[in-house]
Amino acid sequence: MTLESMIACCLSDEVKESKRINAEIEKQLRRDKRDARRELKLLLLGTGESGKSTFIKQMRIIHGAGYSEEDKRGFTKLVYQNIFTAMQAVVRAMDTLKIRYKYEQNKANALLIREVDVEKVTTFEHQYVNAIKTLWSDPGVQECYDRRREFQLSDSAKYYLTDVDRIATVGYLPTQQDVLRVRVPTTGIIEYPFDLENIIFRMVDVGGQRSERRKWIHCFENVTSIMFLVALSEYDQVLVESDNENRMEESKALFRTIITYPWFQHSSVILFLNKKDLLEDKILHSHLVDYFPEFDGPQRDAQAAREFILKMFVDLNPDSDKIIYSHFTCATDTENIRFVFAAVKDTILQLNLKEYNLV
């Protein structure tokens, strides 16, 4: 073989190898592009306690592995802590609101509960069970509970406090509903990916309290949809961080900011008006017009109230071409969320698959 033919042979091998490598790179780039298309990022936003974390739990139940017995057991301590936190809040409010206990022994029970360091609670001992049950049955405490908009109390307080006997049993294992009702403030960012119809939905939950919001900024890239939660029942409540600011006004201000962000010009917006069950209960004795004087609908009418609240939020949208998709929800009701998210999923897929030419 001549030198020239040897060089030509080597060169052709190099060219072949170079082509093979290029083909591999092209293939990987196509794969990466396809995978990026297959992942949709859903950003879950809303003020503190609007129901975002509960919504994520529902996604795990409906579209993920759910909660095993071992997972549920991991919530036991948190259920106990939620009960103590709730009763401590009520006991403190009894003093602040100057409400008297009907039963004399409840002064001692209140003192016993106040002295508990909630973060160290891991069990539910007999003396505390009795103290909490006796306190909860006191007409003074019930009067205080009826005035709960005047202090900070978790929405799940009544759910747990009326079921102390079940929770106090030996070998107690939290139910799925117990898990959904547990309140643990979200600090930092929680991501929950789940696979639906060969597309990964990556749901991102960020803390709703003001102090948490500065951590949101890096979540804003490549967001497919904004899912914004509003607690319908917060129309008469004040912020945890500021006791002279209305929670719903804060929610409106945040929503206005979010929908006008340049980052989100190409993201669809889905508005969940959550806690519709709590609104139905509250509207019977707390009048919307007292907090939003522009409301001119009938009193004690949950339908009129929620339609008014929906309009308040939709009217914040300055872009007439941008559709805001809205749903009334109860995040603790698995069947309601299953139904609503099926509709939401279809909306998101239709909007995005067109964009990616996948339909």
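Any Cβ shown, glycine's included, is placed from N, Cα and C.
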Region 'G2 motif' per Swiss-Prot - which of 88-96, 178-186, 232-240: 178-186
Annotated region 'G5 motif' segment (source Swiss-Prot; candidates 23-28, 113-118, 299-304, 329-334): 329-334
Outside the region 'G1 motif' (41-54), six or more residues from its ends: residues with CB under 8 Å to it: 154-155, 180-181, 183-186, 190, 201-209, 212, 216, 219-220, 222-231, 234, 239-240, 247, 250-251, 254, 258, 267, 272, 274-275, 329, 331-332, 348
Residue counts (helix, strand, coil, in that order) that DSSP gives for the region 'G5 motif' (329-334): 1 helix, 0 strand, 5 coil
Residue counts (helix, strand, coil, in that order) that DSSP gives for the region 'G1 motif' (41-54): 3 helix, 5 strand, 6 coil
Model confidence over the region 'G3 motif' (201-210) (mean pLDDT, whole number): 77
